Structures are given as structure tokens and as C-alpha cells.
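Data first, discussion second: the structure below is written as C-alpha cells.
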Amino acid sequence: LAMLNQTEVSEFILLGLTDIQGLQHFFFISFLLLYLTSLLGNGAIVTMVISEPRLHTPMYFFLGNLSCLDIFYSTVTVPRMLTGFLFGHQPISFGGCLAQLHFFHFLGSTEAVLLATMAYDCYVAVCNPLRYALVMSPRTCLLLAVASWSTGFVRAMMHSVMTSQLRFCGHNHIHHFFCDIKPLLNLACSSTSLNMTLLSVVTTSVVLGPFTLIVLSYLYIISFIFQKVRSQEERWTPFCTCAAHLTTMALFYIPVLFNYTPPSSGSSPKRHVQVSLMYSAATPALNPLIYTLRNQEVRSALKKTLGRKL
């Protein structure tokens with residue numbers, strides 16, 4: 001009987017973005033285009049980084065990791081959201097819901113740490129160019145990438161294990177387009193205080209820790225440029241190198257900081273859903289564009305890769 005009580009709710013209903021019929025078709029086309037852009041753009045970058053020897057450098061190794069992440073990241077939420085637009089409210093099993101929660105937070109946390117790693121790479125490239133090859137050796141790059149993915153995995157595991165311990169026995173309608181932690185905690189019958197504490201502590205550290213490192217890296221870069229680099233033209237070069245990373249970081253961090261730190265009880269669920277759309281659907285599609293538009297090397301490698309394919 002105790003076991004039956006634990007799983008009174010065996011599935012949840014994802015309410016998605018809107019119930020308005022006309023809007024659903026518009027959203028379906030918009031998000032399908034965004035998703036395809038994300039898949040094609042990030043897929044092209046991964047292919048390019050692997051196949052083009054000129055791009056076998058730390059910066060592009062991390063960019064390849066980022067593109068890989070973005071493909072998985074948008075795939076965790078967007079396809080199910082698209083089916084919701086076509087077929088109405090989507091039922092999702094308890095196990096499916098936990099899996100979605102796990103992978104969303106695994107990939108999101110990994111991206112947060114990876115962006116900090118990329119900021120460190122930028123810092124070494126600009127402030128320590130002579131020691132760059134030594135500091136950012138292939139072994140170091142591999143260790144930093146593994147550390148990023150592992151941190152994300154451990155953090156997500158903590159949340160999915162803690163959420164799986166909760167009892168759900170009443171409402172099963174999730175006011176969201178995927179299974180996120182906060183909307184799920186709102187439906188639990190058992191106490192969620194431990195989960196909320198974990199969300200505050202772990203999420204804040206995983207988001208604010210890398211964010212602080214990024215800010216420090218850029219403060220060092222800026223002060224180095226203004227102290228050491230005399231000519232105006234030479235000052236632009238490092239800024240151009242880091243501009244793409246800075247844009248990507250802003251697109252990812254601003255909505256994430258808005259949604260998760262601190263996990264305020266007063267924020268409206270609707271706002272949470274809208275902000276989630278930004279980093280789960282829009283940012284993965286924009287990242288390849290940002291890196292291709294800002295970067296001559298990527299553009300020429302892309303032409304070469306496409307030329308080979310054609």
C-alpha cells in the first residue's frame with residue numbers, strides 16, 4: 001500500500017505555451033524553424049571543428065563542445081513542445097518527466113561551466129599569449145571539458161534523485177512546456193523544503209560560480225588591454241576574439257540568472273516559462289550564427305566544408 005501511495009500520480013500533463021488555437025500553429029512553425037537552425041548550425045560547427053585541421057585549437061575544441069551541448073539541449077525540450085502545438089496537452093510519464101528534468105539540468109549546468117572555461121581560454125590567449133600553448137595543452141583542454149560535463153551530470157543527478165523521492169498525489173497539470181524543477185515541486189504532496197534548499201544552494205553555486213569566473217576573466221582582459229596595448233587597432237583584436245563568447249554568455253546567463261537565482265516564490269510561472277524559452281530554444285539557434293558572423297576563420301572553414309560536401 002505504501003508503494004501504491006508513492007506513485008498515485010503516474011503521469012503528468014504538460015500544458016505547454018498556449019491554448020489559443022491560432023497561436024499554436026504560429027508557434028509550431030516558429031519553434032520548428034528555430035530548432036532546425038539549431039541542429040543545422042551547431043551540426044555544421046561540430047563537423048567543421050572535427051574535419052578542419054586549422055580549427056584543432058583550444059578555442060574551437062570548446063566551441064565544438066558548446067555546439068554539441070546545444071544540439072542535445074534543444075532536443076531535450078523542443079520536439080515535445082512541437083508535438084504539444086500539434087496535438088494539444090502532452091501526457092508524460094513520471095519516469096519520462098524525471099529523465100527530461102535530469103537531461104535539461106545536466107546540459108544546462110554543463111553549458112554554464114563550459115562558458116567559464118571558454119572565458120579562461122580567452123583570458124590566457126589575450127593576457128598570456130607566449131605561454132598559451134603550454135597552459136592550454138590538449139591534456140588541460142580535455143580535463144577542463146570533462147570537468148564541465150561531470151559537474152553538470154552530478155548537479156542534475158542530485159536534483160533528479162531528490163525529486164524522485166517526492167510524493168505526487170493531487171494535481172498532475174504542469175504549467176510549462178517541459179518538466180522543470182520548480183513547476184514539479186509545486187505539485188508535490190510531501191514536503192519540498194529540502195528540495196528548495198538544494199535548488200537554492202546548488203543552482204546558485206553552479207550558476208554564480210562560473211559567472212563570477214567569467215566576470216573576473218573579462219575584468220583582467222580589459223585592464224590588460226588598456227594597460228599594455230597602446231595602439232587603438234591592436235586593442236580591437238582581442239575584443240573581436242572574445243566578442244562572440246561574450247555575446248553567447250550574455251544570452252545564456254541573463255535569462256538563467258533571472259529564473260534560478262534566488263528561487264523566489266513570488267515570480268510568476270508564466271514569466272518563468274517565457275524566460276525558459278530563451279535559453280532552451282532561442283540561444284542554441286543563435287550561438288552558431290554569433291560565432292560564424294564574428295569569426296573569419298569559422299566562415300572560411302565553413303565554406304571549405306560546404307564546398308567539400310557539394
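Using the three backbone atoms N, Cα and C, a Cβ is placed for every residue, glycine included.
Per TrEMBL, the feature transmembrane segment maps to 26-50 (among others). A Cβ distance under 8 Å defines the sequence-distant neighbours of the transmembrane segment (26-50), meaning residues of its chain 6+ beyond its ends; these are 17-18, 56, 60-61, 63-64, 67-68, 70-71, 74, 78-79, 81-82, 85-86, 281-282, 284-285, 287-289, 291-292, 298, 301-302, 305-306.
If you average pLDDT over the domain 'G-protein coupled receptors family 1 profile' (41-291) in this model, you get 86. Look at TrEMBL and you will find 41-291 tagged as domain 'G-protein coupled receptors family 1 profile'.
The transmembrane segment feature in TrEMBL is assigned to 62-82 (among others). Listed by sequence, the residues of this chain that lie at least six past the ends of the transmembrane segment (62-82) yet keep a Cβ under 8 A from its Cβ atoms are 14, 16-17, 28, 31-32, 34-35, 38-39, 41-43, 45-46, 49-50, 90, 92, 100, 103-104, 107-108, 110-111, 114-115, 117-118, 121, 141, 144-145, 148, 177-178, 248, 280-281, 283-285, 287-288, 291.
Only residues 6 or more beyond the boundaries of the transmembrane segment (102-120), in the same chain, are considered here, and those with a CB under 8 A from a CB of the stretch are 59, 62-63, 65-66, 69-70, 72-73, 76-77, 144-145, 147-149, 151-153, 155-157, 159-160, 178-181, 206-207, 209-211, 213-214, 217-218, 245, 248-249, 252-253, 256, 279-280. The transmembrane segment annotation in TrEMBL covers 102-120 (among others).
For 141-158 (among others), the entry in TrEMBL reads transmembrane segment.
Among the features that TrEMBL reports, transmembrane segment is placed at 201-226 (among others).
Feature annotation from TrEMBL assigns transmembrane segment to 238-256 (among others).
Annotated transmembrane segment per TrEMBL: 276-293 (among others), in sequence order. For the transmembrane segment (276-293), same-chain residues at least 6 beyond its ends with a Cβ under 8 Å from one of its own Cβ atoms are 17, 31, 34-35, 37-38, 41-42, 44-45, 63, 66-67, 70-71, 73-74, 76-78, 81, 104, 108, 176-178, 180, 244, 247-248, 251-252, 255-256, 259, 299, 302.
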